[in-house]
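Over in Swiss-Prot, the protein carries these features:
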TRANSMEM  46-69  transmembrane segment
TRANSMEM  135-158  transmembrane segment
TRANSMEM  175-199  transmembrane segment
TRANSMEM  273-291  transmembrane segment
TRANSMEM  336-359  transmembrane segment
TRANSMEM  375-401  transmembrane segment
TRANSMEM  423-445  transmembrane segment
TRANSMEM  525-543  transmembrane segment
BINDING   Cys567, Cys576  [4Fe-4S] cluster binding site
TRANSMEM  583-604  transmembrane segment
TRANSMEM  651-673  transmembrane segment
BINDING   His662  divinyl chlorophyll a B1 binding site
BINDING   Met670, Tyr678  divinyl chlorophyll a B3 binding site
BINDING   Trp679  phylloquinone binding site
TRANSMEM  715-735  transmembrane segment
Amino acid sequence: MATKFPAFNQGLAQDPTTRRIWYGIATAHDFESHDGMTEEKLYQKLFSTHFGHLAIIALWVAGNLFHIAWQGNFEQFVLDPTHVRPIAHAIWDPHFGSGITEAMTQAGADGPVNIAYSGLYHWWYTIGMRTNEQLFQASIFMSILACWTLFAGWLHLQPKFRPSLAWFKNNESRLNHHLAVLFGFSSIAWTGHLVHVAIPESRGIHVGWDNWLTVLPHPAGLTPFFTLNWGAYAQNPDSLEQVFGTAEGAGTAIFTFLGGLHPQSEALWLTDIAHHHIAIGTVFIIAGHMYRNTFGIGHSLKEITEAHNTRHPLDPHKGSFGINHDGLYETVTNSLHFQLGLALAALGVATSLVAQHMGALPSYAFIARDYTTQSALYTHHQYIAMFLMVGAFAHGAIFFVRDYDPELNKDNVLARVLGTKEALISHLSWVTMILGFHTLGIYVHNDVVVAFGNPEKQILIEPVFAQFVQAAQGKMMYGFNALLSDPTSAASVAANSLPGNHYWMDLINRQDALSAFLPIGPADFLVHHAIALGLHTTALILIKGALDARGTKLIPDKKDLGYAFPCDGPGRGGTCDSSSWDAMYLAMFWALNLIAWVTFYWHWKHLAIWQGNVAQFNESGTYLMGWFRDYLWLNSAQLINGYNPFGVNSLSVWAWMFLFGHLVWATGFMFLISWRGYWQELIETLVWAHQRTPIANLVGWRDKPVALSIVQARLVGLAHFTIGNILTFGAFVIASTSGKFG
């Protein structure tokens, strides 16, 4: 008999119903639950999947490079980066009539093309690429890299090349390798590229394979390095009049501390970026020599964690926190879910910071003036951050169900957190209620008084504390005279005593959207608290799901039921919606809600500044109808008109996606609201009809059709809700911004 899917779970493969297909898909990547899985095999399989992941990334990068080199307009963009709209790729579509063909033939192309809003053109331009040939070469290199990493993944599954479990659990060596080699060396290597290729290109000096060994990146060569005269590398920076990409106004410095933006490219100074990378690379290389290596040199992580407790004779909290970090070393070492949770949380925070800083401190030349790209990149990175953060809590909960050992962690910080979960959860609950009632109350009050013609009766609160923080960083307009905004303060005196010119105060006090700190008022105050509500509610649901994963008063044996379980069986009334999986599922809706508010805020505030109409956000952002009418409705107008009875324009694809996104989103509710019985009856009706329909009934199947379980239907519903939500808002952001600014 042929092997039935899933091959990795023979118990499931014997299931006579369609359930085996869905459970097979659900557990395909849950290696821990597969037949014959050992801890060593689990680590080896995961290690190999990392190489597969790298191959996919390399292939994706190669595809972007190849299509832009083949069908894009990179060389034209290089000649005039502020006016040439970058092309992502050509479109060949049999559905296109003459109207849409004409509308999509744009940016100087011969036929229909898509415009690129990825920022790739700006990045490649900034790092010194200038020709299509260079893009093709990079594409070939990335394709070879993809093949190489795929081979590495396959190789490490072969018996001779499988690393041992002890190798995977050698924490100190892994940390040293990741810190010094992966982070440290790659940062230094990137500095090398910036200094040897990107900075010369930004000054009109071409460096290629033909001359890179003969063009000195700095007139003094390595002499200042070996004579410890490192300051020489910071002397003679580019002038404020430098024309990016040319020798006009160019200097010779390679590592600077100028601060602010290059006046023409409106991006961070490349020499500042190079300085950042060499500094951080050096720090990481030092950090990579911190932990105990094979020769016994360095610190033991176990000793560090166990010394970090309240039994130290000089500790003022002696004994009051239990035994703090004892047992944590073994717990983290032996739990992949704990490690993954930590990694996802760290990467989630970093990704959200990337979103913020790509707008506040743009690092790529001329990208700050490509408003659609800036909006798309902000939105993209915030949504990615949301998924990573929810994933962090999900794996934290799985850790508590599958990997947590109460004996090993007795009275340490993990046990203490579990022991005080009621206080943690109730405080978070209280915070969300305070935030929710007050914020909504003020918004609704303002709506009512505006609706009745008394806008002057709105409750408008100046964000004085946030304004003070901005003033401390040097924002002059509020008149606070604090730290950097007070020329006589110790901070200002210290800043002014640094040798050379510095431009961060100019950046902070700019009058346009590129100011590092945009002016804030009552509308910002309100939306800040709405976002705080979203953050705290999402956190509440996720933290409760993780802390309650092992058991609650209602279900004391929850840990035995696993991470996801339905309302399961007799005598279990009222146990629906109580698995940790349910918490993750519910938190996703709040997280999507939250990221919508975050991106609405960023996008509308920037649209208003870019259009020279700051008052629109400041005045309409203080009541809900202002948001609905002057942001959502007003900016949907062009979108809805992408195609109409009178013809189409280049926004039509986004108009269609906006419509389709709403459809996908709404489909989610069909799965979310109706429960199992409905689907079972529907399926049985369809099967009955199929079996009685001539010709159709020639097709049969062996599996008995069984409806989706509650958990499965929720997953299908959540997937549609999420994808529809993102499709809708993505189309909205791109079309509403590009419709205004081209």
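If you go along the chain as it appears here, the first residue is 1 and each next one adds 1.
Cβ from N, Cα, C; glycine included.
Touching of the transmembrane segment (175-199) and the transmembrane segment (135-158) is ruled out by the presence of fewer than three CB pairs under 8 A, sequence neighbours closer than 6 excluded.
Taking CA atoms as the reference points, Met670 (divinyl chlorophyll a B3 binding site) and Trp679 (phylloquinone binding site) are 10 Å apart. As a quick check, the transmembrane segment (375-401) and the transmembrane segment (423-445) miss the bar of 3 or more Cβ pairs under 8 A, pairs 6 or more apart, so the two do not touch.
For Cys576 ([4Fe-4S] cluster binding site), the Cβ neighbour count at a 10 Å cut-off comes to 14, with all displayed protein chains included.
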